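What Swiss-Prot lists as domain 'Radical SAM core' is 122-334. For CYS136, CYS140, CYS143, the entry in Swiss-Prot reads [4Fe-4S] cluster binding site. What Swiss-Prot lists as Zn(2+) binding site is CYS279, CYS389, CYS392, CYS396. Here Swiss-Prot flags LYS348 as N6-(pyridoxal phosphate)lysine, drawing on similarity to another entry.
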Amino acid sequence: MNELSDESILKYTKKISENATIDNWNDYKWQLSNSIKDVDTLENFLGITFDEKEKTEIQKAIDVFPMSITPYYASLIDIKNLGKDPIYKQSVASSKELILENFEMEDPLSEDEDSPVIGITHRYPDRVLFYINPNCAMYCRHCTRKRKVSEKSSNPSKEEIQKAIDYIKNNNKIRDVLLSGGDPLLLSDEFLDWILSEISSIKHVELIRIGSRVPVVLPQRITDNLVNVLKKYHPIWINTHYNHPVEITKESKKALDKLSDSGIPLGNQTVLLAGVNDCPYVMRKLNQKLVSSRVRPYYLYQCDLSKGISHFRTSVSKGLEIIESLIGHTTGFAVPRYVVDAPGGGGKIPVMPNYVVSWGSDRVILRNYEGIITSYVEPSDYGGCSKNCDTCDRMCIGDFEINQTGIEKLITDVDNSISLIPENNERVARRDD
(Lines of atoms letter the chains of each structure in order from A and count residues from 1; the text may use other names and numbers.)
(Lines give C-alpha, C1' and ligand atoms only; values in the text may rest on other atoms or scores of the structure.)
Protein backbone atom coordinates (compact mmCIF):
# COMPACT_ATOMS: atom_id res chain seq x y z
CA MET A 1 0.00 0.00 0.00
CA ASN A 2 1.31 3.47 -0.92
CA GLU A 3 2.64 5.40 2.04
CA LEU A 4 4.49 8.70 2.45
CA SER A 5 7.11 8.85 5.19
CA ASP A 6 7.10 11.76 7.62
CA GLU A 7 10.26 12.96 5.92
CA SER A 8 8.54 12.99 2.51
CA ILE A 9 5.50 14.78 3.92
CA LEU A 10 7.69 17.47 5.46
CA LYS A 11 9.49 17.88 2.15
CA TYR A 12 6.18 18.62 0.45
CA THR A 13 4.85 20.88 3.21
CA LYS A 14 8.00 23.01 3.06
CA LYS A 15 7.34 23.54 -0.65
CA ILE A 16 4.18 25.34 0.41
CA SER A 17 5.28 27.03 3.62
CA GLU A 18 8.50 26.93 5.62
CA ASN A 19 6.47 26.86 8.82
CA ALA A 20 4.15 24.04 7.76
CA THR A 21 4.09 20.85 9.84
CA ILE A 22 2.79 17.31 9.57
CA ASP A 23 -0.22 18.44 11.60
CA ASN A 24 -0.93 20.99 8.86
CA TRP A 25 -0.69 18.24 6.25
CA ASN A 26 -3.25 16.17 8.15
CA ASP A 27 -5.67 19.13 8.35
CA TYR A 28 -8.15 19.03 5.47
CA LYS A 29 -8.71 22.79 5.66
CA TRP A 30 -4.97 23.37 5.18
CA GLN A 31 -5.04 21.00 2.22
CA LEU A 32 -7.92 22.91 0.62
CA SER A 33 -6.45 26.34 1.27
CA ASN A 34 -3.19 25.25 -0.36
CA SER A 35 -4.68 23.56 -3.43
CA ILE A 36 -2.52 23.70 -6.53
CA LYS A 37 -4.26 25.83 -9.15
CA ASP A 38 -1.56 27.06 -11.54
CA VAL A 39 1.46 25.75 -13.40
CA ASP A 40 4.10 27.59 -11.36
CA THR A 41 2.80 26.16 -8.07
CA LEU A 42 2.65 22.69 -9.61
CA GLU A 43 6.24 22.93 -10.83
CA ASN A 44 7.46 24.09 -7.44
CA PHE A 45 5.54 21.43 -5.53
CA LEU A 46 6.70 18.53 -7.72
CA GLY A 47 10.20 19.91 -8.26
CA ILE A 48 9.87 19.77 -12.05
CA THR A 49 10.13 22.23 -14.93
CA PHE A 50 7.90 22.13 -18.01
CA ASP A 51 9.25 23.49 -21.26
CA GLU A 52 7.67 26.81 -22.22
CA LYS A 53 5.43 25.32 -24.91
CA GLU A 54 3.95 22.70 -22.59
CA LYS A 55 3.58 25.22 -19.80
CA THR A 56 1.67 27.57 -22.10
CA GLU A 57 -0.61 24.74 -23.29
CA ILE A 58 -1.42 23.68 -19.73
CA GLN A 59 -2.24 27.26 -18.78
CA LYS A 60 -4.54 27.64 -21.80
CA ALA A 61 -6.47 24.58 -20.63
CA ILE A 62 -6.66 25.96 -17.09
CA ASP A 63 -8.10 29.21 -18.45
CA VAL A 64 -11.03 27.21 -19.87
CA PHE A 65 -11.31 24.36 -17.36
CA PRO A 66 -9.86 25.41 -13.97
CA MET A 67 -7.39 23.17 -12.14
CA SER A 68 -7.36 22.41 -8.42
CA ILE A 69 -5.32 19.60 -6.84
CA THR A 70 -4.87 18.94 -3.14
CA PRO A 71 -1.23 18.69 -2.05
CA TYR A 72 -2.01 15.20 -0.75
CA TYR A 73 -3.21 13.96 -4.15
CA ALA A 74 -0.40 15.74 -6.01
CA SER A 75 2.12 13.98 -3.75
CA LEU A 76 1.02 10.66 -5.30
CA ILE A 77 2.27 11.72 -8.75
CA ASP A 78 5.25 9.72 -9.99
CA ILE A 79 7.45 12.52 -11.35
CA LYS A 80 9.71 9.99 -13.08
CA ASN A 81 6.77 8.82 -15.16
CA LEU A 82 4.73 11.98 -15.81
CA GLY A 83 3.66 11.00 -19.31
CA LYS A 84 1.98 7.81 -18.11
CA ASP A 85 1.21 8.51 -14.47
CA PRO A 86 -2.51 7.90 -13.69
CA ILE A 87 -2.62 10.53 -10.92
CA TYR A 88 -1.09 13.18 -13.17
CA LYS A 89 -3.50 12.41 -16.01
CA GLN A 90 -6.56 12.68 -13.77
CA SER A 91 -5.54 15.90 -12.05
CA VAL A 92 -3.33 18.10 -14.27
CA ALA A 93 -4.88 20.16 -17.06
CA SER A 94 -4.01 19.17 -20.63
CA SER A 95 -4.19 20.88 -24.00
CA LYS A 96 -6.17 17.83 -25.16
CA GLU A 97 -9.13 19.23 -23.21
CA LEU A 98 -9.33 22.06 -25.72
CA ILE A 99 -10.02 19.65 -28.58
CA LEU A 100 -13.81 19.76 -28.75
CA GLU A 101 -15.76 17.24 -30.82
CA ASN A 102 -19.07 18.18 -32.45
CA PHE A 103 -20.92 15.45 -30.54
CA GLU A 104 -19.73 16.59 -27.11
CA MET A 105 -22.16 18.39 -24.82
CA GLU A 106 -22.09 20.54 -21.70
CA ASP A 107 -24.86 18.42 -20.17
CA PRO A 108 -24.61 15.04 -21.92
CA LEU A 109 -26.97 13.30 -19.49
CA SER A 110 -29.66 16.02 -19.70
CA GLU A 111 -29.60 16.40 -15.93
CA ASP A 112 -30.78 19.99 -16.15
CA GLU A 113 -33.71 19.04 -18.41
CA ASP A 114 -34.86 16.44 -15.87
CA SER A 115 -34.76 19.02 -13.07
CA PRO A 116 -38.23 19.95 -11.75
CA VAL A 117 -36.70 22.33 -9.17
CA ILE A 118 -33.19 23.71 -8.73
CA GLY A 119 -30.88 21.02 -7.38
CA ILE A 120 -33.05 18.00 -8.18
CA THR A 121 -32.66 15.61 -11.10
CA HIS A 122 -35.66 13.26 -11.15
CA ARG A 123 -35.00 10.63 -13.81
CA TYR A 124 -36.05 7.36 -12.21
CA PRO A 125 -39.48 6.82 -10.61
CA ASP A 126 -38.39 6.14 -7.01
CA ARG A 127 -35.17 8.12 -6.59
CA VAL A 128 -33.66 11.54 -7.17
CA LEU A 129 -30.24 13.09 -7.46
CA PHE A 130 -29.90 16.05 -5.10
CA TYR A 131 -27.16 18.48 -6.17
CA ILE A 132 -26.14 20.24 -2.96
CA ASN A 133 -22.63 21.58 -3.59
CA PRO A 134 -20.68 22.57 -6.72
CA ASN A 135 -17.27 22.43 -5.05
CA CYS A 136 -14.78 19.58 -5.20
CA ALA A 137 -11.53 18.94 -3.36
CA MET A 138 -9.96 18.26 -6.76
CA TYR A 139 -11.18 19.03 -10.26
CA CYS A 140 -11.06 15.71 -12.10
CA ARG A 141 -10.05 16.28 -15.70
CA HIS A 142 -12.64 13.71 -16.85
CA CYS A 143 -15.54 15.32 -14.95
CA THR A 144 -18.96 14.95 -16.56
CA ARG A 145 -20.19 18.10 -14.78
CA LYS A 146 -17.47 20.52 -15.85
CA ARG A 147 -20.25 23.01 -16.55
CA LYS A 148 -21.05 23.25 -12.84
CA VAL A 149 -18.01 22.34 -10.78
CA SER A 150 -16.42 25.40 -9.13
CA GLU A 151 -19.05 27.70 -10.67
CA LYS A 152 -20.43 30.08 -8.04
CA SER A 153 -23.65 30.38 -10.04
CA SER A 154 -24.17 26.63 -9.52
CA ASN A 155 -24.02 26.95 -5.74
CA PRO A 156 -27.58 26.40 -4.42
CA SER A 157 -28.72 28.72 -1.64
CA LYS A 158 -30.23 27.37 1.56
CA GLU A 159 -33.64 28.50 0.28
CA GLU A 160 -33.14 26.54 -2.94
CA ILE A 161 -32.04 23.49 -0.98
CA GLN A 162 -35.16 23.82 1.17
CA LYS A 163 -37.34 23.94 -1.96
CA ALA A 164 -35.64 20.79 -3.22
CA ILE A 165 -36.30 19.08 0.12
CA ASP A 166 -39.93 20.17 -0.12
CA TYR A 167 -40.11 18.58 -3.58
CA ILE A 168 -38.95 15.29 -2.07
CA LYS A 169 -41.49 15.64 0.77
CA ASN A 170 -44.32 16.19 -1.69
CA ASN A 171 -43.49 13.16 -3.86
CA ASN A 172 -44.15 10.04 -1.84
CA LYS A 173 -42.81 7.72 -4.54
CA ILE A 174 -39.28 8.93 -3.80
CA ARG A 175 -37.66 6.37 -1.50
CA ASP A 176 -33.98 6.95 -2.33
CA VAL A 177 -32.09 10.28 -2.31
CA LEU A 178 -28.58 10.56 -3.76
CA LEU A 179 -26.62 13.58 -2.51
CA SER A 180 -24.20 14.69 -5.18
CA GLY A 181 -22.20 17.63 -6.47
CA GLY A 182 -19.39 18.64 -6.65
CA ASP A 183 -18.76 16.85 -3.40
CA PRO A 184 -21.34 16.80 -0.59
CA LEU A 185 -18.67 16.01 2.00
CA LEU A 186 -17.04 19.40 1.44
CA LEU A 187 -19.99 21.09 3.09
CA SER A 188 -19.53 22.03 6.73
CA ASP A 189 -20.46 19.36 9.26
CA GLU A 190 -23.27 21.59 10.54
CA PHE A 191 -24.84 22.27 7.14
CA LEU A 192 -24.57 18.64 6.07
CA ASP A 193 -26.12 17.61 9.39
CA TRP A 194 -29.09 19.89 8.71
CA ILE A 195 -29.62 18.52 5.19
CA LEU A 196 -29.42 14.91 6.37
CA SER A 197 -31.77 15.64 9.25
CA GLU A 198 -34.36 17.19 6.95
CA ILE A 199 -34.25 14.34 4.43
CA SER A 200 -34.20 11.53 7.00
CA SER A 201 -37.32 12.97 8.65
CA ILE A 202 -39.33 12.33 5.47
CA LYS A 203 -41.25 9.12 6.11
CA HIS A 204 -41.21 7.75 2.57
CA VAL A 205 -37.43 8.20 2.16
CA GLU A 206 -35.90 4.81 2.94
CA LEU A 207 -32.23 5.56 2.37
CA ILE A 208 -29.76 8.33 1.63
CA ARG A 209 -26.71 7.93 -0.59
CA ILE A 210 -23.70 10.21 -0.87
CA GLY A 211 -21.37 10.31 -3.87
CA SER A 212 -17.93 11.54 -2.84
CA ARG A 213 -14.33 11.54 -4.01
CA VAL A 214 -13.10 12.91 -0.69
CA PRO A 215 -11.71 9.53 0.52
CA VAL A 216 -9.58 9.44 -2.65
CA VAL A 217 -8.27 12.99 -2.97
CA LEU A 218 -8.73 14.43 0.54
CA PRO A 219 -8.92 11.58 3.08
CA GLN A 220 -8.11 14.05 5.87
CA ARG A 221 -11.71 15.30 5.54
CA ILE A 222 -13.06 12.08 7.05
CA THR A 223 -12.82 13.34 10.62
CA ASP A 224 -14.31 11.76 13.71
CA ASN A 225 -16.83 14.59 13.89
CA LEU A 226 -17.95 14.09 10.29
CA VAL A 227 -18.37 10.36 10.87
CA ASN A 228 -20.42 11.06 14.00
CA VAL A 229 -22.72 13.25 11.91
CA LEU A 230 -23.13 10.67 9.15
CA LYS A 231 -23.83 7.67 11.37
CA LYS A 232 -26.81 9.41 12.97
CA TYR A 233 -28.77 8.92 9.76
CA HIS A 234 -28.60 5.22 8.95
CA PRO A 235 -29.31 3.76 6.48
CA ILE A 236 -26.78 5.96 4.72
CA TRP A 237 -24.56 4.68 1.91
CA ILE A 238 -21.43 6.25 0.43
CA ASN A 239 -20.11 5.64 -3.07
CA THR A 240 -16.47 6.54 -3.58
CA HIS A 241 -14.65 7.17 -6.87
CA TYR A 242 -11.37 5.27 -7.10
CA ASN A 243 -10.04 4.86 -10.64
CA HIS A 244 -6.62 3.30 -10.08
CA PRO A 245 -5.05 1.05 -7.42
CA VAL A 246 -2.32 3.61 -6.57
CA GLU A 247 -5.08 5.83 -5.14
CA ILE A 248 -5.65 3.37 -2.29
CA THR A 249 -3.03 4.66 0.13
CA LYS A 250 -2.53 4.28 3.87
CA GLU A 251 -4.25 7.64 4.46
CA SER A 252 -7.11 6.75 2.14
CA LYS A 253 -7.55 3.33 3.75
CA LYS A 254 -7.71 5.00 7.17
CA ALA A 255 -10.60 7.17 5.96
CA LEU A 256 -12.42 4.14 4.54
CA ASP A 257 -11.95 2.25 7.81
CA LYS A 258 -13.52 5.11 9.77
CA LEU A 259 -16.58 5.04 7.53
CA SER A 260 -16.91 1.25 7.52
CA ASP A 261 -16.39 0.97 11.26
CA SER A 262 -19.30 3.38 11.76
CA GLY A 263 -21.60 1.01 9.89
CA ILE A 264 -21.72 2.88 6.57
CA PRO A 265 -21.76 0.53 3.54
CA LEU A 266 -19.27 1.63 0.88
CA GLY A 267 -19.44 1.19 -2.87
CA ASN A 268 -17.20 2.46 -5.64
CA GLN A 269 -17.91 4.00 -9.02
CA THR A 270 -15.01 3.84 -11.46
CA VAL A 271 -14.84 5.67 -14.78
CA LEU A 272 -13.13 3.80 -17.61
CA LEU A 273 -10.35 6.15 -18.71
CA ALA A 274 -7.98 5.73 -21.65
CA GLY A 275 -4.38 5.69 -20.50
CA VAL A 276 -5.38 5.45 -16.84
CA ASN A 277 -7.19 2.18 -16.15
CA ASP A 278 -8.12 0.72 -19.55
CA CYS A 279 -6.33 -2.53 -18.76
CA PRO A 280 -7.93 -5.74 -17.44
CA TYR A 281 -5.12 -6.29 -14.96
CA VAL A 282 -5.11 -2.74 -13.61
CA MET A 283 -8.88 -2.99 -13.16
CA ARG A 284 -8.65 -6.38 -11.49
CA LYS A 285 -6.04 -5.10 -9.04
CA LEU A 286 -8.13 -2.01 -8.31
CA ASN A 287 -11.27 -3.99 -7.56
CA GLN A 288 -9.46 -6.55 -5.45
CA LYS A 289 -7.84 -3.78 -3.39
CA LEU A 290 -11.24 -2.14 -2.98
CA VAL A 291 -12.83 -5.34 -1.71
CA SER A 292 -9.99 -5.88 0.76
CA SER A 293 -10.66 -2.31 1.94
CA ARG A 294 -14.36 -3.14 2.53
CA VAL A 295 -15.50 -1.24 -0.54
CA ARG A 296 -17.68 -3.06 -3.05
CA PRO A 297 -17.20 -2.20 -6.73
CA TYR A 298 -20.54 -0.84 -7.91
CA TYR A 299 -20.35 0.70 -11.38
CA LEU A 300 -17.77 0.90 -14.14
CA TYR A 301 -18.84 3.88 -16.24
CA GLN A 302 -18.15 4.39 -19.90
CA CYS A 303 -16.74 7.92 -20.14
CA ASP A 304 -19.49 10.43 -20.94
CA LEU A 305 -19.75 12.74 -23.96
CA SER A 306 -18.86 15.85 -21.95
CA LYS A 307 -16.89 18.66 -23.53
CA GLY A 308 -13.13 18.37 -23.41
CA ILE A 309 -12.74 14.74 -22.37
CA SER A 310 -12.63 12.90 -25.69
CA HIS A 311 -9.02 11.85 -25.02
CA PHE A 312 -10.23 9.84 -22.02
CA ARG A 313 -12.84 7.83 -23.90
CA THR A 314 -12.26 4.21 -24.83
CA SER A 315 -14.28 1.96 -27.09
CA VAL A 316 -17.19 0.11 -25.48
CA SER A 317 -15.50 -3.10 -26.60
CA LYS A 318 -12.61 -2.29 -24.25
CA GLY A 319 -15.06 -2.16 -21.36
CA LEU A 320 -16.51 -5.52 -22.38
CA GLU A 321 -13.00 -6.96 -22.56
CA ILE A 322 -12.36 -5.81 -19.00
CA ILE A 323 -15.61 -7.28 -17.67
CA GLU A 324 -14.87 -10.53 -19.49
CA SER A 325 -11.49 -10.62 -17.73
CA LEU A 326 -13.12 -10.12 -14.32
CA ILE A 327 -16.12 -12.48 -14.35
CA GLY A 328 -14.96 -15.88 -13.16
CA HIS A 329 -11.40 -14.64 -12.72
CA THR A 330 -11.98 -12.92 -9.39
CA THR A 331 -14.49 -12.70 -6.54
CA GLY A 332 -18.02 -12.17 -7.82
CA PHE A 333 -18.64 -9.02 -5.82
CA ALA A 334 -15.32 -7.61 -7.06
CA VAL A 335 -16.92 -7.24 -10.50
CA PRO A 336 -18.64 -3.88 -11.09
CA ARG A 337 -21.59 -3.42 -13.41
CA TYR A 338 -20.39 -1.87 -16.67
CA VAL A 339 -22.80 0.83 -17.86
CA VAL A 340 -23.18 3.49 -20.50
CA ASP A 341 -25.01 6.50 -19.08
CA ALA A 342 -27.20 7.20 -22.08
CA PRO A 343 -26.70 10.59 -23.77
CA GLY A 344 -29.88 12.60 -23.64
CA GLY A 345 -30.94 11.35 -20.22
CA GLY A 346 -31.79 7.72 -20.93
CA GLY A 347 -30.15 6.58 -17.72
CA LYS A 348 -27.63 3.84 -17.06
CA ILE A 349 -27.64 1.03 -19.61
CA PRO A 350 -25.84 -2.16 -18.49
CA VAL A 351 -23.48 -3.62 -21.08
CA MET A 352 -22.38 -7.20 -20.50
CA PRO A 353 -20.69 -10.01 -22.40
CA ASN A 354 -23.19 -12.54 -23.74
CA TYR A 355 -23.15 -15.85 -21.91
CA VAL A 356 -26.28 -17.28 -23.57
CA VAL A 357 -25.18 -19.20 -26.68
CA SER A 358 -28.54 -20.52 -27.88
CA TRP A 359 -32.02 -21.71 -26.88
CA GLY A 360 -33.96 -24.86 -27.55
CA SER A 361 -37.58 -25.66 -26.81
CA ASP A 362 -36.73 -26.93 -23.34
CA ARG A 363 -33.17 -25.81 -22.65
CA VAL A 364 -30.73 -22.94 -22.67
CA ILE A 365 -27.17 -23.30 -23.95
CA LEU A 366 -24.68 -21.30 -21.89
CA ARG A 367 -20.95 -20.73 -21.80
CA ASN A 368 -18.74 -19.95 -18.83
CA TYR A 369 -15.67 -17.73 -18.44
CA GLU A 370 -13.37 -20.59 -19.54
CA GLY A 371 -15.29 -21.15 -22.76
CA ILE A 372 -16.97 -24.33 -21.51
CA ILE A 373 -20.40 -24.74 -23.12
CA THR A 374 -23.17 -26.33 -21.10
CA SER A 375 -26.89 -27.09 -21.35
CA TYR A 376 -29.45 -26.14 -18.71
CA VAL A 377 -32.74 -28.07 -18.98
CA GLU A 378 -35.74 -25.92 -18.10
CA PRO A 379 -38.68 -27.23 -16.03
CA SER A 380 -41.52 -28.73 -18.05
CA ASP A 381 -44.27 -27.92 -15.54
CA TYR A 382 -43.48 -24.30 -14.65
CA GLY A 383 -46.81 -22.48 -14.73
CA GLY A 384 -45.61 -18.90 -14.72
CA CYS A 385 -47.93 -16.23 -13.38
CA SER A 386 -51.73 -16.17 -13.08
CA LYS A 387 -51.68 -12.44 -14.02
CA ASN A 388 -54.09 -11.79 -11.16
CA CYS A 389 -52.25 -9.99 -8.39
CA ASP A 390 -55.35 -9.95 -6.17
CA THR A 391 -55.31 -13.73 -5.81
CA CYS A 392 -51.56 -14.29 -6.07
CA ASP A 393 -50.14 -16.58 -3.38
CA ARG A 394 -46.65 -15.05 -3.49
CA MET A 395 -45.88 -13.48 -0.16
CA CYS A 396 -45.53 -9.88 -1.28
CA ILE A 397 -45.38 -7.85 1.92
CA GLY A 398 -47.00 -4.43 2.06
CA ASP A 399 -48.57 -2.27 -0.60
CA PHE A 400 -46.94 -2.09 -3.98
CA GLU A 401 -47.75 -0.50 -7.29
CA ILE A 402 -47.38 -2.18 -10.66
CA ASN A 403 -45.98 0.45 -13.00
CA GLN A 404 -44.22 -1.26 -15.85
CA THR A 405 -42.04 0.63 -18.31
CA GLY A 406 -40.25 -0.32 -21.51
CA ILE A 407 -39.09 -3.88 -22.13
CA GLU A 408 -40.50 -4.92 -18.75
CA LYS A 409 -43.97 -4.71 -20.32
CA LEU A 410 -43.06 -7.28 -22.96
CA ILE A 411 -41.16 -9.75 -20.84
CA THR A 412 -43.30 -10.09 -17.70
CA ASP A 413 -46.50 -12.09 -17.28
CA VAL A 414 -48.49 -9.16 -15.92
CA ASP A 415 -48.77 -7.00 -19.04
CA ASN A 416 -50.39 -8.06 -22.33
CA SER A 417 -48.35 -5.72 -24.54
CA ILE A 418 -46.82 -7.38 -27.59
CA SER A 419 -44.71 -4.51 -28.93
CA LEU A 420 -43.28 -1.09 -28.16
CA ILE A 421 -43.77 1.48 -30.91
CA PRO A 422 -41.90 4.82 -30.96
CA GLU A 423 -43.99 7.99 -31.17
CA ASN A 424 -44.53 9.44 -34.65
CA ASN A 425 -43.81 6.14 -36.35
CA GLU A 426 -44.70 6.74 -40.01
CA ARG A 427 -45.96 3.23 -40.70
CA VAL A 428 -48.33 3.29 -37.72
CA ALA A 429 -49.50 6.80 -38.65
CA ARG A 430 -50.50 5.54 -42.12
CA ARG A 431 -52.94 3.13 -40.51
CA ASP A 432 -55.04 6.08 -39.41
CA ASP A 433 -55.06 7.75 -42.84
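Using N, Cα and C of the backbone, Cβ positions are placed for all residues, glycine too.
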Note to self: I want to check the contact list for LYS348 (N6-(pyridoxal phosphate)lysine): same chain, sequence separation of six or more, C-beta distance under 8 angstroms. What comes out?
What the structure shows: TYR299, VAL339, VAL340, ASP341, ALA342
Check: Among CYS136, CYS279, CYS392, all listed as binding-site residues, which has the most CB atoms within 10 Å of its CB?
Finding: CYS136
Next item on the list: Identify all same-chain residues not among CYS136, CYS140, CYS143 whose C-beta atom falls within 8 angstroms of the centroid of the [4Fe-4S] cluster site's C-beta atoms; report them in sequence order.
Entry: MET138, TYR139, ARG141, HIS142, ARG145, LYS146, VAL149, ARG213
Check: Out of CYS279, CYS389, CYS392, which of these binding-site residues is nearest CYS140 ([4Fe-4S] cluster binding site) by C-alpha distance?
Finding: CYS279
Checklist line | Reduced DSSP assignment, LYS348 (N6-(pyridoxal phosphate)lysine) | finding: strand
Note to self: At 10 angstroms around each C-beta, which of the binding-site residues CYS143, CYS389 has the fewest other C-beta atoms nearby?
What the structure shows: CYS389
Notebook entry, point to check: Of the binding-site residues CYS279, CYS389, CYS392, which sits closest to CYS143 ([4Fe-4S] cluster binding site) by Cα distance?
Noted result: CYS279
Check: How many Å lie between the Cα of CYS389 (Zn(2+) binding site) and the Cα of CYS136 ([4Fe-4S] cluster binding site)?
Finding: 48
Note to self: I need the CA-to-CA distance for CYS279 (Zn(2+) binding site) versus CYS136 ([4Fe-4S] cluster binding site), whole Å please.
What the structure shows: 27
Next item on the list: Report, in whole Å, the straight Cα-to-Cα distance of CYS392 (Zn(2+) binding site) from CYS136 ([4Fe-4S] cluster binding site).
Entry: 50
